[in-house]
Amino acid sequence: MEDFVRQCFNPMIVELAEKAMKEYGEDPKIETNKLAAICTHLEVCFMYSDFHFINEQGESIIVELGDPNALLKHRFEIIEGRDRTMAWTVVNSICNTTGAEKPKFLPDLYDYKENRFIEIGVTRREVHIYYLEKANKIKSEKTHIHIFSFTGEEMATKADYTLDEESRARIKTRLFTIRQEMASRGLWDSFRQSERGEETIEEKFEITGTMRKLADQSLPPNFSCLENFRAYVDGFEPNGYIEGKLSQMSKEVNARIEPFFKTTPRPIRLPDGPPCSQRSKFLLMDALKLSIEDPSHEGEGIPLYDAIKCMRTFFGWKEPYVVKPHEKGINPNYLLSWKQVLAELQDIENEEKIPKTKNMKKTSQLKWALGENMAPEKVDFDDCKDVSDLKQYYSDEPELRSLSSWIQNEFNKACELTDSVWIELDEIGEDVAPIEHIASMRRNYFTAEVSHCRATEYIMKGVYINTALLNASCAAMDDFQLIPMISKCRTKEGRRKTNLYGFIIKGRSHLRNDTDVVNFVSMEFSLTDPRLEPHKWEKYCVLEIGDMLLRSAIGQVSRPMFLYVRTNGTSKIKMKWGMEMRRCLLQSLQQIESMIEAESSVKEKDMTKEFFENKSETWPIGESPKGVEEGSIGKVCRTLLAKSVFNSLYASPQLEGFSAESRKLLLIVQALRDNLEPGTFDLGGLYEAVEECLINDPWVLLNASWFNSFLTHALR
């Protein structure tokens with residue numbers, strides 16, 4: 001390697017390199033790779049400066065050798081290559097004459113045109129890793145960093161490369177030549193592997209032993225050791241990094257980073273079309289319960305027994321008829337299905353002993369409603385691959401739907417309080433540590449705020465229905481089992497209550513894969529007249545089945561009772577998540593907890609008690625066309641819970657896509673509000689990605705509308 005250095009580099013450069021090594025107590029004859037690295041670095045610094053001058057007008061010009069204008073001022077002052085004392089003298093002189101901030105470490109050059117010190121780096125590793133090591137060492141925004149690699153890559157602070165392209169190309173070509181020459185002599189591998197990271201003069205917390213091994217094993221794939229990753233993270237400067245990467249891409253990539261101002265974003269475009277319709281697996285605000293208080297009947301707790309007992313509390317049954325037909329369905333079949341349920345329940349009551357489960361007779365109306373024998377026959381691919389016109393099953397694009405007011409009403413209703421308690425506080429033992437005491441206190445306060453909430457009723461209803469349906473799907477695969485839709489709660493006085501919302505009839509359920517579908521028919525009681533918002537009930541056939549006497553301010557009034565019937569379907573994986581809807585409580589509690597933590601860190605003490613008991617304070621709940629809505633801490637708890645519950649009830653690919661893409665836009669707007677001067681490229685593409693998720697889902701359309709309200713008020 002020593003011979004190579006003496007042949008390859010100018011003798012003056014070699015002499016300077018040897019002198020520098022001796023100054024640091026290193027032997028150039030032993031540490032030959034270090035000698036080669038210093039020579040390379042010196043040569044790059046000299047090439048960086050060569051031919052660059054400043055004319056009398058203060059403009060930067062390039063002057064080739066032999067030009068008569070030798071009296072021009074050099075653009076760059078070379079600091080690298082001088083002995084330390086002299087180098088610091090030059091730096092101090094520059095700082096005194098230009099007013100530049102004195103750097104902590106000796107830089108390599110000073111640029112009189114841009115008035116900044118420059119640190120030049122030449123690396124055998126990845127440019128961005130070396131760049132970040134340099135940035136982490138220097139810790140100064142005033143010193144400009146410019147890194148070159150032997151592979152032709154480069155990286156500079158804020159992607160400002162200082163020199164013209166031709167000058168940089170000269171440097172890159174020289175580095176590539178050095179690499180080729182080393183490789184031809186078998187010296188490159190040793191030279192490449194000998195590079196160490198930048199050493200900073202600061203104490204480091206050393207991780208050793210097992211923890212060190214685990215740390216090294218846990219790194220992202222591009223990093224060989226913890227130090228590289230630490231340097232990368234500490235010095236990461238996203239804007240400059242992105243611009244640097246863009247500049248290295250093919251010329252076909254023309255992504256320009258545009259500044260993002262208050263006037264930049266436009267509202268998200270919501271689709272036009274007929275109003276969206278209800279698509280939840282069970283009725284929400286429109287559900288009606290037949291209830292029994294303090295149940296103590298024989299077989300109490302067995303769903304079928306409970307259902308029959310609830311049905312007996314109602315005396316206003318009448319001959320059912322269709323009041324709102326399903327546009328595409330055979331409505332008489334829905335009517336016959338309900339009549340069959342009533343008849344078979346009557347048969348059970350006539351028996352001496354009521355069975356624990358009820359399998360419905362496989363009548364023509366139920367076979368139709370449950371899609372029996374409707375699935376296309378599956379054929380082995382080998383038996384049909386010779387069919388000439390074999391093609392994928394054709395399906396229409398989904399029809400675009402517009403936002404309808406009913407979904408906002410549903411959400412508002414979910415945030416309201418009911419007159420029942422839907423969750424009990426579990427006994428989980430005494431608190432031991434102080435943190436457990438704080439956790440219990442928060443949980444108790446939160447539970448008190450949400451236990452009466454309608455969203456909590458939806459959770460318990462969803463858990464019950466999905467559990468019962470999954471059990472029946474596994475236990476009675478071939479049967480059309482009748483499954484009562486039940487929930488349990490306590491009254492304000494603490495009395496137990498069992499509620500019946502209606503029935504489900506399950507179809508054949510040979511569910512092998514998580515996504516295999518089981519069909520079911522749902523029949524749910526309601527007092528809502530479907531003719532008021534027919535678009536909401538597009539997927540339903542609605543029957544009038546009785547008259548209910550209700551107490552009102554003017555005495556008893558009779559109201560028609562309806563039955564909402566529809567064919568629906570679900571899968572094992574959807575039922576599994578439905579059974580775990582209680583997680584919504586945890587998610588919203590965690591969101592409230594982060595608000596308490598923020599408050600506590602400001603006040604430097606736990607603020608849980610004050611947070612929940614200061615009834616006069618209001619908190620932001622969300623955006624509406626009127627502005628930022630505010631409410632009590634209880635209202636915040638219930639709103640966050642309702643959002644989480646609706647995310648579960650209306651889960652869909654459209655929601656996944658909208659949440660992921662709109663979050664990017666939200667972060668950009670948030671950065672603007674925090675005065676971080678965000679930049680974007682292809683903002684149109686981001687809007688496209690957001691808007692392609694707005695098709696027909698009511699919950700997604702409502703979220704998009706809320707997002708537009710947020711944009712309006714956030715950017716005022």
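Residue numbers in this text run from 1 along the chain shown.
Cβ atoms are placed via backbone N, Cα and C, with glycine included.
Counting every protein chain shown, 21 other Cβ atoms lie within 10 Å of the Cβ of Ile120 (Mn(2+) 1 binding site). The Mn(2+) 1 binding site annotation in Swiss-Prot covers His41, Asp108, Glu119, Ile120.
Long-range Cβ contacts of Glu80 (Mn(2+) 2 binding site) within its own chain (separation 6+, distance under 8 Å): His41, Leu42, Cys45, Ala87, Leu106, Asp108, Leu109, Ile120. DSSP assigns Glu80 (Mn(2+) 2 binding site) to coil in the three-state reduction, placing it in neither a helix nor a strand. What Swiss-Prot lists as Mn(2+) 2 binding site is Glu80, Asp108.
Residues or ranges marked as motif 'Nuclear localization signal 1 (NLS1)' by Swiss-Prot: 124-139.
The average pLDDT for the motif 'Nuclear localization signal 2 (NLS2)' (184-247) in the predicted structure is 73. Summarising the annotation, Swiss-Prot assigns motif 'Nuclear localization signal 2 (NLS2)' to 184-247 and lists similarity to another entry as the type of evidence.
The Cβ of Glu119 (Mn(2+) 1 binding site) has 23 other Cβ atoms within 10 Å, all protein chains considered. Within 8 Å of the centroid of the Cβ atoms of His41, Asp108, Glu119, Ile120, where the record puts Mn(2+) 1, the same chain has further Cβ atoms from Val44, Cys45, Glu80, Pro107, Leu109, Ile118, Gly121, Val122, His146. DSSP classifies His41 (Mn(2+) 1 binding site) as helix under the three-state reduction.
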